[in-house]
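> Below are the features I grabbed from Swiss-Prot:
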{"type": "DOMAIN", "residues": "10-104", "note": "domain 'Ig-like'"}
{"type": "DISULFID", "residues": "C32-C88", "note": "disulfide bond"}
{"type": "CARBOHYD", "residues": "N66", "note": "N-linked glycosylation site"}
{"type": "CARBOHYD", "residues": "N120", "note": "N-linked glycosylation site"}
{"type": "CARBOHYD", "residues": "N136", "note": "N-linked glycosylation site"}
{"type": "CARBOHYD", "residues": "N142", "note": "N-linked glycosylation site"}
{"type": "CARBOHYD", "residues": "N151", "note": "N-linked glycosylation site"}
{"type": "TRANSMEM", "residues": "155-177", "note": "transmembrane segment"}
Amino acid sequence: DKQLDADVSPKPTIFLPSIAETKLQKAGTYLCLLEKFFPDIIKIHWQEKKSNTILGSQEGNTMKTNDTYMKFSWLTVPEESLDKEHRCIVRHENNKNGIDQEIIFPPIKTDVTTVDPKYNYSKDANDVITMDPKDNWSKDANDTLLLQLTNTSAYYTYLLLLLKSVVYFAIITCCLLRRTAFCCNGEKS
């Protein structure tokens with residue numbers, strides 16, 4: 001049983017949409033993980049920052065962890081809404097001062113400007129070069145795919161060499177056992 005003086009209000013951890021998700025899916029998923037609360041009765045809903053309209057979201061099951069509980073909720077928004085602030089509103093009996101907890105999710109910039117120093121041929125240190133984020137993201141995705149392909153190739157090469165060594169070991173062992181068996185039948189080598 002929990003002591004009454006222990007803080008058993010929900011402790012939030014937030015996860016923001018990834019760049020890959022926003023580029024590929026044209027949407028973003030905000031995830032709110034609520035942990036270490038007691039009792040297990042909790043209400044969660046989502047709203048845009050300056051709106052009272054409740055947005056459609058999903059929730060996982062409430063799970064028991066040691067003496068407390070945890071639950072997660074997520075909101076998927078279209079690309080047009082990524083530049084707006086969103087709120088995850090949590091109602092729980094042990095919230096501080098009995099007030100609903102409001103967890104703010106910051107807006108996501110969809111047009112990120114990056115500067116790649118190896119392509120910066122400017123002589124003036126104050127010049128800023130902007131690159132198309134789609135090109136930069138594609139380069140990162142290609143690098144990731146190349147790394148994955150290299151690792152997979154190395155794995156299968158290692159596996160093939162290991163298999164070859166096992167077969168070689170089996171053949172040599174058979175040859176040595178036959179030679180030993182032949183030598184032990186009364187003939188000397």
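The chain as shown is numbered from 1 upward.
Any Cβ shown, glycine's included, is placed from N, Cα and C.
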> Using a 10 angstroms cut-off on Cβ to Cβ distances, just flag whichever of N66, N142, N151 is the loneliest among these glycosylation sites.
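Each of the glycosylation sites N66, N142, N151 was scored by Cβ atoms within 10 Å; lowest is N66.
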> Determine, using Cα-Cα distances only, which of these recorded positions is closest to N151 (N-linked glycosylation site): C32, C88, N142.
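Checking each of C32, C88, N142 against N151 (N-linked glycosylation site), the shortest Cα distance is to N142.
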> Near the transmembrane segment (155-177), which residues from the same chain, at least 6 beyond its ends, have a CB less than 8 A from one of its CBs?
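Non-local partners: none at all.
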> Give the distance between the Cα atoms of C88 (disulfide bond) and N66 (N-linked glycosylation site), rounded to the nearest whole Å.
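The Cα atom of C88 (disulfide bond) is 25 Å away from the Cα atom of N66 (N-linked glycosylation site).
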> Measure from the Cβ of C32 (disulfide bond) and count the other Cβ atoms within 10 Å, all protein chains considered.
25
> Suppose we draw a 10 Å sphere around the Cβ of C88 (disulfide bond). How many other Cβ atoms does it contain, all chains included?
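Neighbour count, Cβ to Cβ under the 10 Å cut-off: 24.
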> Express the distance between the Cα positions of N142 (N-linked glycosylation site) and C32 (disulfide bond) as a whole number of Å.
31
> Check the domain 'Ig-like' (10-104) for me and report the mean pLDDT.
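Mean pLDDT, the domain 'Ig-like' (10-104): 89.
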> Give the distance between the Cα atoms of N66 (N-linked glycosylation site) and C32 (disulfide bond), rounded to the nearest whole Å.
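If we compare the Cα positions of N66 (N-linked glycosylation site) and C32 (disulfide bond), the gap is 20 Å.
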